[in-house]
């Protein structure tokens with residue numbers, strides 16, 4: 001039994017037909033999308049940094065002397081048992097220590113240990129958790145911006161090599177075209193790094209301010225709790 005060999009015939013392309021894929025148009029459109037994404041990422045990172053910075057400034061005293069002056073004013077009516085006057089001094093102040101002191105005076109019927117724990121929980125939940133949430137977005141921008149820029153670079157390189165493949169039979173100066181396309185492709189990586197690097201320094205500065213705020217709040221809360229405990233002991237002895 002004889003076997004028949006089948007010969008595959010490949011299509012004969014007309015002379016001058018370019019069967020390479022030119023994706024430079026698609027990569028150009030995608031490049032504009034990458035530029036827009038980098039712009040939005042930069043704006044979001046800057047917004048989160050500004051919000052955290054203002055939030056820290058809103059919740060802390062400028063100095064320990066200012067905090068001591070406030071506590072001196074609150075302790076005077078507190079030690080006399082005039083809770084309403086002490087609460088009035090704290091109600092209109094949105095900083096952390098006055099609000100925690102107001103919470104403690106509202107909860108003065110509880111034990112000292114319960115009051116202290118509630119103050120710590122409120123500070124962690126209302127102040128520190130919000131700051132950590134905002135900072136997590138800043139860290140995401142720091143990690144994401146260079147990656148988006150690298151994606152733009154890879155896309156630009158694909159377009160450059162696509163032009164190289166499409167222009168092999170055209171006789172154009174391919175080296176010059178590739179140099180221009182690659183230089184433009186690297187702009188996205190540079191833009192991503194330009195977004196991430198300043199945010200690294202901003203977050204370092206913000207973390208220092210947060211730690212200073214925690215230390216200052218800790219000192220203020222400890223002092224206020226000492227005065228409140230003294231007043232509660234007087235009332236229990238009376």
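Here the Cβ of each residue, glycine as well, is placed from N, Cα and C on the backbone.
TrEMBL: automatically predicted annotations, no manual curation.
Residues annotated as domain 'MotA/TolQ/ExbB proton channel' in TrEMBL: 110-214.
Positions annotated as transmembrane segment by TrEMBL: 29-53 (among others). Taking Cβ pairs closer than 8 Å, the transmembrane segment (29-53) reaches residues 131, 134-135, 137-138, 141-142, 144-145, 148-149, 151-152, 155-156, 159, 184-185, 188, 191-192, 195, 199, 202-203, 206, 209 in its own chain, all 6 or more past its ends.
What TrEMBL lists as transmembrane segment is 137-162 (among others).
According to TrEMBL, the feature transmembrane segment maps to 182-204 (among others).
Averaged over the domain 'MotA/TolQ/ExbB proton channel' (110-214), the predicted model reaches a pLDDT of 85. The DSSP breakdown of the domain 'MotA/TolQ/ExbB proton channel' (110-214), given as helix, strand and coil counts, is 96 helix, 0 strand, 9 coil.
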